[in-house]
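Structure first, commentary second.
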Amino acid sequence: KGPRQRLTYKNEHTMASQYYQEMQESFRNNNKSREFPAHTAKVHSVAWSCDGRRLASGSFDKTASVFVLEKDRLVKENNYRGHGDSVDQLCWHPTNPDLFVTASGDKTIRIWDVRTTKCIATVTTKGENINICWSPDGQTIAVGNKDDVVTFIDAKTHRSKAEEQFKFEVNEISWNNDNDMFFLTNGNGCINILSYPELKPIQSINAHPSNCICIKFDPTGKYFATGSADALVSLWDVEELVCVRCFSRLDWPVRTLSFSHDGKMLASASEDHFIDIAEVETGEKLWEVQCDSPTFTVAWHPKRPLLAYACDDKEGKYDNNREAGTVKLFGLPNDS
């Protein structure tokens, strides 16, 4: 058993380094970032539709914007107005590329349809919403507010199905890919896991010594990653619920994470002036994307090595306080 195990590990390692070389080569030729005007204030959240045709952004300016990806640029399609406060997070329907949902501090969530550009539903919730996610089966939307209440909303009837008040600071929320467990990261550095739809506590994992901020599942269902105020990103085995490795190149609290479409790359960002792109299987640095300011949100394209992101940029080069509100795209051909 011993030697054979060693052999598979060696093969995995060789494969990993082959992937490493391929991606290094790819980024050497495609490491251009381009920015696109999106909002009049800072952008909190970016997300791709499941087919990768559109990118949505949500902003402090109370609006959402949708872009269409054309070759190597984002073309603004529409601006979505209606919220009375900052749009803190948004996400797309997992399988329908026309629907997305926004969470706002105005105590509502709104579901939008890009075909009609209209809001098809406004659901009033109890508090100021900061986190939102759509279940993998498309049937439920979960939204978390500043008072640590998570509300589960039926995506068809737009009515609340369940509501949970937690006794700890809830940061980010997510279903696992199988849709039978619900994960929360909390202010005590823990990952709380509930059964779904019963919402019974299964496990609480002490993941980090400080505030556990964000969580993402990889598309293959093998791993999930968490980012913390201790500036570490930890990678967890979904089946075993054990930490497989840590990524420690950032110096500031990890705000945002995203896995590439093949699950082999993990982008993480913070107030550091770069986005770290790591190879998942080895933890090695594949690339870093230079930024001039803190990064709030990153999202890999669902089919290509293109990374959308948004930073806390200012308009002027010298001491200008106006926020730029731009969305950026990394991974474009150098000659584009």
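Placed from the backbone N, Cα and C atoms, the Cβ positions cover glycine too.
According to TrEMBL, the repeat 'WD' annotation covers 36-77 (among others). Confidence over the repeat 'WD' (36-77), given as mean pLDDT on the 0 to 100 scale, stands at 97.
Per TrEMBL, repeat 'WD' is recorded for 80-122 (among others).
Residues 169, 171-178, 183, 185-191, 193, 245-248, 250-259, 261-263, 266, 268, 270, 276, 278, 280, 283, 302 of the same chain lie 6+ residues outside the repeat 'WD' (205-239) yet bring a C-beta within less than 8 angstroms of a C-beta in it. As annotated by TrEMBL, repeat 'WD' applies to 205-239 (among others).
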Determine which residues of the chain contact the repeat 'WD' (36-77) at the Cβ level, with the cut-off under 8 Å and only residues 6 or more beyond its ends counted. 83-98, 100, 102, 104, 106, 112, 114, 296-304, 306, 308-310, 312-313, 323-329, 332-333, 336
